[in-house]
Amino acid sequence: MAASSSPQPQFMTSPANKTHSNQPLIDDIEYDQIVVPDKKSWKNIFSYIGPGFLVSIAYIDPGNFQTDLQAGAQYKYGLLWIILLASFAALVIQSLAANLGVVTGKHLAEHCRKEYAKVPNFILWVIAEIAIVACDIPEVIGTAFALNMLFKIPIWCGVLITGLSTLTLLLLQQYGVRTLEFFIAFLVLTVAICFFVELGYAKPDSSEVLHGLFVPQLKGTGATKLAISLLGAMVMPHNLFLHSALVLSRKIPRSVNGIKEACRYYLIESGLALMLAFLINVSVISVTGAVCNSPSMSPDDQEKCQDLDLNKASFLLKNVLGNWSSKLFAIALLASGQSSTITGTYAGQYVMQGFLDLRLKPWIRNFLTRCLAIVPSLVVSLIGGSGGAGNLIIIASMILSFELPFALIPLLKFTSSKIKMGSHANPVAVSAATWVIGTLIMGINIYYLAEKLVTSLKDSHLGKAAKVLCGLLGASCLLVYLSSILYLAFRKNKEGTHLLALTGQEGLQVSELNNLPREDILRMQLPQQRTTN
């Protein structure tokens, strides 16, 4: 198939009377359709592999590495239980996002547009866009750190250079996104192997590691702050929109059994991908905790552990890589940041298309997001240097955690609704477990905000009247945050969905919405190298 030669507009909207537009979100890209065989076989799982692993890239991005390093350096193994909880929560939540797309043929952002009024829908879109920008900040800073380690470029200059990564990314995509992803995954896996081998040299106490994994503890406000950052870095709001859209690229058998098989295999694929991400995060924290708390550590390394960030972390790999530790860690950090940029670009396209029914050229979408991420990164790196930039990553991860309920609650409501999911709605046990997870995450967020407000006012040198005014303002913001969450949680679903499967009869073929896979999703997900006739 030859690419169309006709010029394409930079902005596109779908006709209002169409549920699914056949116009691609990324134009003029040749694609291969992924068809799942209509027969029972364990080999079918290979047709489903892709979306889960693409989503899992976000679980080993520079933001994760930064929070893992600080957690290990400051609290040794005390926050490992957060990684275990977040990984379990991510598996459940990501599987629900996949189920929503498979069963209904729409991704999460599209459901929000159909379900909510214009004002709540617009607010949810703004929150989702802020989350994508907050996710891009660690990629910007991580790339700047990598350039600093490779070429001794100042951090603030590296931040500016990351603005050019949009053009580089689009240049590399001519070889196909899958080729690029395999290359990036290889580099990131190299660092993972290095940390696994470093575990043998660091020799963390296994009983302490197990205690940290299975005994919850939060020692002080600093631990709570890092716990929120770890949750935000592991369970990202934009991943829910992304995963529910990526599954629409598969042409699955349109039968009850076919849909159940797709949901089951997507769960297995997500489990494998998130297990690898879990092991990488645990190894980073364990190595950091063992090295930074070793009695034989040199004074220079002790100083690095006091304020550990990505720019100083290569010394942890000296036992494995020797003098090459800094260079290889920088290359993998650069690859991690760029791979996460891909997922952020896709998520941004789906969010804008779903909430607003608006499409942008990919380079425009990527460039706008990157510019919004560069501004705070540049200011902080100029004022606070490497340490300030590292702290900004923690703040960005906390923002993701605070914004998670605004994507998670609609997902839980939609997947638990028989109006939308029919016989594929969440079982009572799954609904209960997901609501417990969501409540726990929201409870930690609200606890931290309230505690931070009280301690900040208590330790401030403001006058009594100013403290009262700031307290009222902070309490009002906290009340608005809590009220918004309660609105989403207790609002009844009103908008029905044309289901792909409304019955439990075995083998029944359903013709409605039989136009899957979604062509717009396909063309965004699987760009291939162009060919000409």
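From the backbone N, Cα and C atoms, a Cβ is placed for every residue, glycine too.
It should be emphasised that the depicted structure is a prediction, and the values quoted were computed from it without experimental measurement.
TrEMBL annotations:
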- 1-23: region 'Disordered' (REGION)
- 45-60: transmembrane segment (TRANSMEM)
- 80-102: transmembrane segment (TRANSMEM)
- 122-147: transmembrane segment (TRANSMEM)
- 153-172: transmembrane segment (TRANSMEM)
- 179-202: transmembrane segment (TRANSMEM)
- 222-242: transmembrane segment (TRANSMEM)
- 263-291: transmembrane segment (TRANSMEM)
- 328-347: transmembrane segment (TRANSMEM)
- 367-386: transmembrane segment (TRANSMEM)
- 392-412: transmembrane segment (TRANSMEM)
- 424-448: transmembrane segment (TRANSMEM)
- 468-490: transmembrane segment (TRANSMEM)
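Counting Cβ pairs under 8 Å that are 6 or more residues apart, the transmembrane segment (122-147) and the transmembrane segment (222-242) reach 3 or more and are in contact. Counting Cβ pairs under 8 Å to the transmembrane segment (80-102), the stretch among 45-60, 263-291, 328-347, 367-386, 468-490 with the most such contacts is 263-291. By the count of Cβ pairs under 8 Å, the stretch nearest in packing to the transmembrane segment (45-60) among 263-291, 367-386, 392-412, 424-448, 468-490 is 263-291. Sequence-distant neighbours of the transmembrane segment (468-490) (same chain, 6+ residues past either end, Cβ-Cβ under 8 Å): 120, 402, 405-406, 409-410, 413, 442, 446, 449-450, 453, 457, 460, 462.
Listed by sequence, the residues of this chain that lie at least six past the ends of the transmembrane segment (392-412) yet keep a Cβ under 8 A from its Cβ atoms are 62-63, 66-67, 70, 93, 96-97, 100, 108, 111-112, 115, 124, 127-128, 130-131, 134-135, 137-138, 141-142, 225-226, 228-233, 235-238, 240-241, 244, 309-310, 376-377, 380, 384, 426, 431, 434-435, 438, 441-442, 444-445, 449, 481, 484-485, 488-489.
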